[in-house]
Amino acid sequence: MSLNRVSSLETFAPLLTENRSRRSSDASTRARKISFNPLPSSWDPPALEQIQAVGAFEVPRWKRTLQVVVAVIYCLFAAGIVFGYAAIKPVLKREGAYRDVCRVDPNDEDAIGEDTCVEIHLNFMFTAAAVATNVAALPIGAILDRYGPRVCGLLGALCLAIGALCMSFENQLPFDGLLFGYLFLALGGPFTYISSFQLSNAFPKNSGLILALLTGAFDASSALFLVYRIIYEHTNETFGHQSFFLAYLVVPAAIAVIQLVLMPAQSYKTVGELVEEIEEPIPADMEPYDDQIDEETALLHEEERQHRAEVVSGIQELLGTTKADKQARKEERKNEISGVWGVMHAYTAWEQIKSPWFILICLFTVVQMTRINYFVATIRVQYTYLLSSPALAERVNDFFDLALPLGGILSIPFIGAILDRTSTLTVLVTLVATATTIGILGIIPHSLLAAYANICLFVLYRPFYYTAVSDYSAKVFGFRTFGKVYGTIICLAGLFNFSQSGLDYLLHETFNGDPVPVNVGLMAAGLLIGVVMVMFVGVQSRGIKRKLLEEEARGAFAYGGNGTGTTSTASTREWTAN
């Protein structure tokens with residue numbers, strides 16, 4: 001899982017001049033509140049009122065700055081720690097995890113080996129956590145929209161605390177403490193992480209930087225277990241996982257205190273909402289009627305007008321009007337480069353989900369997410385077989401533990417540049433080609449160079465892939481249905497990750513530890529779906545471009561060559577129909 005890097009002209013729509021591009025669709029250029037709720041608004045209980053957003057200009061600058069800094073720090077310790085599984089797995093195995101349930105009867109010839117049993121149990125622990133991380137986005141979005149970021153942060157702290165306690169006292173619990181503990185650690189991550197997204201609106205002119213910092217914190221958080229493993233080894237294995245997770249309770253306790261003392265109870269208003277507030281007309285009862293009002297009413301109206309003037313001044317200072325207009329044109333240019341922006345914006349969520357645009361990216365995401373998490377869970381086992389050396393496999397595993405968080409951080413600026421400057425078709429071709437290359441490198445035996453190259457490419461591909469999927473969803477489907485559509489993609493892909501248990505069994509029992517057959521199967525499935533998706537998007541993008549040129553030619557003729565006007569909803573539907 002990674003940060004949803006989404007960009008849209010919607011946020012800056014009210015700032016555009018009248019002479020905007022014809023490529024901007026009516027359906028997507030209205031200012032609206034970006035919702036994290038994947039459920040239709042009609043499903044919300046009417047008895048409960050959503051918590052109101054607050055303008056960033058109403059909060060002191062020092063406090064907003066401190067909120068951003070603190071959020072980045074606690075995301076570093078909580079957002080995605082479960083993805084450091086490859087680092088903590090050897091520690092748990094040395095501590096005797098699942099040995100009590102994996103004792104093998106020597107007289108049972110059909111029983112799987114003890115090491116294989118432990119491996120499968122630990123991998124299932126990670127699989128359940130990975131699934132929970134993705135599926136949790138559905139309810140967390142609804143909770144965030146209804147109750148605000150503070151409630152989300154407190155729930156995240158509670159989940160982290162429960163997870164740490166279960167992991168620490170797993171031997172004394174009547175249920176599988178490791179499984180449930182890791183599951184709650186996984187749930188705590190997105191609660192704290194997703195609720196921090198809205199802080200990008202605390203400084204609208206620097207929102208990209210704030211999102212990049214949060215993304216980096218998420219990716220770097222997987223290094224926490226690496227640091228713990230190093231401490232564990234340097235203390236001669238005396239600092240066991242029970243002591244570590246008891247010490248980790250400081251993190252959820254600190255998050256809870258920070259949420260109550262410092263962090264906002266309400267989300268900050270988006271740029272679109274702030275601009276709407278500026279452009280809101282003066283109420284009729286505030287208009288002066290000198291012959292009809294008394295002195296007291298006149299004073300009240302004057303105070304209201306002064307307050308409104310202060311609000312407008314604060315918003316303008318926060319946004320910077322010239323920069324906002326420049327950013328609007330920049331966003332519009334990026335949407336035009338995409339080649340598919342707005343193609344499904346005019347459709348309902350259900351119509352979008354039934355379309356090939358959704359089905360293909362969803363299938364591709366299912367396969368790639370399974371490949372990614374399966375590789376994270378089995379990297380040491382795979383390279384023990386491929387390199388025919390447990391010692392070399394351990395070296396590769398150690399390199400991977402360090403490269404995974406670093407790759408996520410280093411890739412941030414490159415991901416933004418690629419997505420902003422290339423078409424969606426080019427991005428998809430890059431995804432498919434890179435995934436295939438990783439698959440080929442992952443089946444080359446007796447080559448340490450291939451192993452390191454595979455890891456380097458993998459750690460860069462992982463954040464690029466997750467970000468590209470969210471970027472595709474925003475550009476193709478739009479923000480109006482983003483929560484429902486993107487949430488459904490990630491949820492389905494997460495649920496399919498349960499297939500990793502079957503892949504584990506195939507790896508250990510059917511193929512006797514040989515990872516090549518499973519890797520080839522996953523690579524072939526991804527390549528097949530990817531090629532079909534690229535062909536479909538390529539054909540559709542050419543059709544869209546042709547339709548746009550025809551629309552512009554007709555518009556130029558109809559309006560005397562001035563090229564003004566907007567693309568209609570009917571035209572948008574016609575693009576996909578053809």
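Heads up, the Cβ atoms here are built off N, Cα and C, so glycines get one too.
If you look up TrEMBL, you'll see 68-88 (among others) marked as transmembrane segment.
The annotation transmembrane segment is assigned in TrEMBL to 124-144 (among others).
Annotation source TrEMBL lists transmembrane segment at 151-173 (among others).
Long-range Cβ contacts of the transmembrane segment (179-197) within its own chain (Cβ-Cβ under 8 Å, at least 6 residues beyond either end) map to 1, 3-4, 36, 71, 74-75, 78-82, 124-126, 128-130, 132-133, 136-137, 140-141, 144, 149-150, 152-153, 155-160, 162-168, 170, 211, 214, 218, 221, 245, 252, 255. What TrEMBL records for 179-197 (among others) is transmembrane segment.
Same-chain neighbours of the transmembrane segment (209-231): 1-3, 5, 68, 71-73, 75-81, 83-85, 87-88, 90-91, 189, 193, 196-197, 199-200, 202-203, 239, 244, 401-402, 404-405, 407-409, 412-413, 416, 463, counting only residues six or more beyond its ends whose CB sits under 8 Å from a CB of the stretch. Residues or ranges marked as transmembrane segment in TrEMBL: 209-231 (among others).
Long-range contacts of the transmembrane segment (243-262) within its own chain (CB-CB distance under 8 A, at least 6 residues past either end) are made by residues 63, 66-67, 70, 74, 77-78, 150, 153-154, 156-158, 160-161, 164-165, 167-168, 181, 188, 192, 228, 232. What TrEMBL records for 243-262 (among others) is transmembrane segment.
Taken from TrEMBL, the feature transmembrane segment covers 357-379 (among others).
According to TrEMBL, the transmembrane segment annotation covers 399-418 (among others). With a cut-off of 8 Å between Cβ atoms, the residues of this chain six or more beyond the transmembrane segment (399-418) that come close are 2, 5, 83-84, 86-87, 208, 212, 215-216, 218-223, 225-226, 229, 376, 379, 427, 430, 452, 455-456, 458-460, 462-464, 467-468.
According to TrEMBL, the feature transmembrane segment maps to 425-444 (among others).
Within its own chain, the transmembrane segment (450-469) is flanked in space by residues 1-5, 215, 219, 361, 365, 368, 372, 375, 383, 386-387, 396, 399-400, 403-404, 406-408, 410-412, 414-415, 418-419, 427-428, 431, 434-435, 437-438, 441-442, 444, 486, 489, which lie at least six positions past its ends and keep a Cβ under 8 Å from the stretch. Here TrEMBL flags 450-469 (among others) as transmembrane segment.
Annotation comment: TrEMBL describes 481-498 (among others) as transmembrane segment.
TrEMBL lists 518-539 (among others) with the feature transmembrane segment. Long-range contacts of the transmembrane segment (518-539) within its own chain (CB-CB distance under 8 A, at least 6 residues past either end) are made by residues 340, 356, 360-361, 363-364, 367-368, 370-371, 374, 382, 424-425, 428-429, 431-432, 435-436, 439-440, 442-443, 503, 506-507, 511.
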Is it true that the transmembrane segment (124-144) and the transmembrane segment (481-498) have 3 or more Cβ pairs under 8 Å, skipping pairs fewer than 6 apart in sequence?
yes
Chain residues in Cβ proximity to the transmembrane segment (425-444) (below 8 Å; excluding those fewer than six residues from its ends, i.e. six or more beyond):
339-340, 364, 368, 371, 375, 382, 386, 418-419, 450-451, 453-454, 457-458, 461, 464-465, 468, 471-472, 515-516, 519-520, 522-523, 526-527, 530-531, 533-534, 537-538, 541
